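Noted in Swiss-Prot for the protein shown:
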{"type": "TRANSMEM", "residues": "8-28", "note": "transmembrane segment"}
{"type": "TRANSMEM", "residues": "43-63", "note": "transmembrane segment"}
{"type": "TRANSMEM", "residues": "79-99", "note": "transmembrane segment"}
{"type": "TRANSMEM", "residues": "102-122", "note": "transmembrane segment"}
{"type": "TRANSMEM", "residues": "134-154", "note": "transmembrane segment"}
{"type": "TRANSMEM", "residues": "156-176", "note": "transmembrane segment"}
{"type": "TRANSMEM", "residues": "216-236", "note": "transmembrane segment"}
{"type": "TRANSMEM", "residues": "241-261", "note": "transmembrane segment"}
{"type": "TRANSMEM", "residues": "272-292", "note": "transmembrane segment"}
{"type": "TRANSMEM", "residues": "297-317", "note": "transmembrane segment"}
{"type": "TRANSMEM", "residues": "342-362", "note": "transmembrane segment"}
{"type": "TRANSMEM", "residues": "365-385", "note": "transmembrane segment"}
Amino acid sequence: MGKLEKNVFVIWITTFTTMLGVGFIAPIMAIYAQTLGATNLEIGLIFGSFALARTVAQIPVGVLSDIYGKKFFIVCGTFFYGVSTLMYNFVSTVLGFLIVRIFTGIFSAFVTPVAGSYIAAIAPKTRLGEYMGIFNSAITLGFGIGPFIGGILADMYGIKMPFYFCGFLGILAAIISYMKLEDIVFNKNKEKIDVKKISTLFSFEFLKNRNFSSSFIINVSNVMINAGIYAYLALYAINYNITISQVGFMIALTNILMALLQRSFGKLYDKLGNIMIIIGIFIISFGMYLLSTSTTFLTILASLTIIAVGSSISSTATTSLAVKDIPTHRKGEAMGLFTTSINIGMFIGAVSFGFLADILGIANMYKFSAIFSIVVGIISYLRIER
């Protein structure tokens, strides 16, 4: 195994291990918050605080990782994410839970954006799509199978056990990256960093780049669609006598499918280029329309499978396009900003599509999502520089 492959493998293992832990606690967060006396509004604040903290932190973290090295932030992020996750088991109030949630959001910003920029920096430019597909598969696969394992742990050993396992996996990921990962630093003259340079930590100048901004908007749209699916799929499926365990199976299966497909679609992007983005968007929209008309386990599963294929195509292509023309020494900053599209999409999608579901019903909300995806996708695609 060469040096490039070794570093990619270490990043993949570190990211997968961390996201596996995140998946462990995903099914039980709301239940655990309720045992502390949290209302539905407070549960919403708890979930939202993670995305908000992550969004605020990941842009400056991306810039600082370019200056001071990727390894430091990946090691610190995974370690303190693990430690802060362990603290869930020792909180006794909703406020304490909220504070811990904020810290886990901050430290999660040290991991995936920095790891993604690490891959973008070391990957050969002609194989960027392939390597970003490999990286994205670690996120999707880890979070895909994590909820199943976390649910089993909670049923067998109590609701606190997944938090212990998640914390352990975070610390394990820190140890792996500390021992095996090679550091990369782009600015070794740290003493020359001045106030003007620090002021660029929150720079949004990348959004002036049409390719970056188009990728950003498309990714927000795609994540909004996925947020609408995952937030309301169980409510939709229960109307057709589909059990929660079957819903969990469908989500896990589609996530694993996405993980398996992303590298191959990354290679296709390297060959075919930006046309892959619009192909993925049309497939997503077709799957969303089918989902809105599905009334059985098999038809819903088929719809989600189609959406997963489209998402695999589109997500790998948009991520690759976003960082393709960014200077190597600023890919961390760009990746940090680009990854905020995930948090923005999750928040806006869950809230806005929930509002529409109350007015139109969940099935019609899914139909609206299909139209929304196509309209936003086409407009953004036409803005991409040829």
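Glycine too: its Cβ is placed from the backbone N, Cα and C atoms.
Tertiary neighbourhood of the transmembrane segment (216-236): same-chain residues 207, 244, 247, 250-251, 277, 281, 284, 288, 291, 300, 304, 307, 311, 314-315, 318-319, 322, 337-338, 341-342, 344-350, 352-354, 357, 362-363, 365-366, 369, 372-373, 376-377, 380-381, selected by CB-CB distance under 8 Å and a gap of 6+ residues from either end. Counting only same-chain residues 6+ beyond the ends of the transmembrane segment (79-99), those with a CB under 8 A from a CB of the stretch are 18, 21, 25, 32-33, 36-38, 42, 45-46, 49, 107-108, 110-111, 160, 163-164, 166-174. Contact count against the transmembrane segment (134-154) (Cβ pairs under 8 Å) is highest for 102-122, out of 102-122, 272-292, 365-385.
Outside the transmembrane segment (43-63), and at least 6 residues removed from its termini, the chain residues within Cβ reach (under 8 Å) are 29-30, 33-34, 73, 77, 94, 97-98, 101-106, 108-110, 113-114, 117, 200-202, 332-337, 339-340, 343-344, 346-347.
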